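S.K.: My questions all concern the structure below.
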Amino acid sequence: MRARTSGEHVHSSQYSPALDGLRAICISVVLLYHLDPGGWFRGGYLGVSVFFALSGFLIVRNLVTEVSTTGRVDVVRFWSRRVQRLAPATLATVAAVLVFTKITERGWSTNGLFGSTLAAAFSMMNGHVIHVGRQNVLYILGPLGPMWSLAVEEQFYFAIAVLFVVARGRNTLRTVTIGLCAVTVASVAVSASLNDYLPRLEFGTDTRAAELALGGLLALAAHRWPTLFTDRVVIKRAIGAVSLAVLVLLFTAVIGSPEVLFQGWIFVVALLSVAVIIALMTEGRLGRAASWPPLVALGRISFALYLVHWPIILITRAPILGQSGLRANIVRVVMCLIAAWLLHVVVEQPIRKVRSTPCRILLVWLSASIALSAVAYAVL
């Protein structure tokens, strides 16, 4: 299966609504791909690659700001912020899946669901997907399968914080830049050297790290050259528009194929994404279009929508709504939007505003994950 990811809403002084608009586009193509894998958006799984580049950019930008302000990165605080941002909605989705599994057998098999629950709760779903490693792996893994991309992101968050700590000193940002360049080269090399075992290529943290690292390098470049988003904007907007057009062709599978892209070429999608991000940050016509309020609103619930869309698609398969068809898919989309909005409003937003110590946040997450795993063991 192919799927998405989280991302970071940055501090208000850095917030760009156009980036939420980009999130909306990405989650839309992922959703349309999962609704009809053989339809118009056969390459919609590449929306995840754009999410990776965007997440890498935003996360590293926040870390660069912290280093510039305080001279260091508070790793525990950083990890606790990530947990507070991502874990509540993730664990709530897992809990809802377990409840639904207990009250009805419709939608998915319980075989392997305990393993998927453990993998989702502890950010190891991509490794679990590789372990299963068959065709139609999303259907085999059931409702939690798309959380593989969240695992890749969260593992990157762990590693990038460690890199900032190891690089601490007079040349912290230069060392981090060298490190991310090395990660990019190594990731592309590993992807190119592997055989055609697609699950390993598509879901491996090492094989997808280049996409996140390229986003991070953009953040470092923007810090090094403050006029990056304000100088020669006409050229950058033109390059961004062309890059977006190429991404659309990739999303519709007019060009590109999984076999080619994942064997060393997926980083090209991230490069195109970086060009689009630069264009959006210049605040031209493309940026204003991406800042259209409905797109921004959809982008704000993109994480929740990513979590809930696949379980809902599985639940509403035949005989409820039929396997496909425009009318059935419209109903599914409406259901996904309602569920995502509820998850965002009831779980994400309130918990994000809770003030607590980093250690307590991490302890609560660990306790909740263990408790949820125990419940899964008991009911499955």
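Any Cβ shown, glycine's included, is placed from N, Cα and C.
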S.K.: Would you please say which range out of 209-226, 299-316 has the annotation transmembrane segment in TrEMBL?
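M.R.: Here TrEMBL associates transmembrane segment with the stretch 209-226.
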S.K.: How about the transmembrane segment (359-379) and the transmembrane segment (113-133): at least 3 CB pairs under 8 Å, pairs 6 or more apart in sequence, or not?
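M.R.: Contact between the transmembrane segment (359-379) and the transmembrane segment (113-133): present.
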S.K.: Among 209-226, 262-282, 326-347, point out the range having the most Cβ pairs under 8 angstroms from the transmembrane segment (45-63).
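M.R.: It is 209-226, which has the most Cβ pairs under 8 Å.
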S.K.: Near the transmembrane segment (262-282), which same-chain residues lie under 8 Å Cβ to Cβ, leaving out any that are not at least 6 residues past its ends?
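M.R.: Tertiary neighbours of the transmembrane segment (262-282) are 16, 18-19, 21-22, 46, 49-50, 52-54, 57, 184, 187-189, 191-192, 194, 196, 198, 201-202, 207-208, 210-211, 214-215, 218, 222, 228-230, 233, 236-237, 239-244, 246-247, 250, 290.
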S.K.: Does the transmembrane segment (209-226) come near the transmembrane segment (238-256), with 3+ Cβ pairs under 8 Å (pairs 6 or more apart)?
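M.R.: Since fewer than 3 Cβ pairs under 8 Å link them, the transmembrane segment (209-226) and the transmembrane segment (238-256) do not come into contact.
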S.K.: Sort out the residues at least 6 away from either end of the transmembrane segment (326-347), same chain, that have Cβ-Cβ distances under 8 Å to it, and list them.
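M.R.: Result: 31, 35-36, 88-89, 92-93, 300-301, 303-305, 307-309, 312-313, 316.
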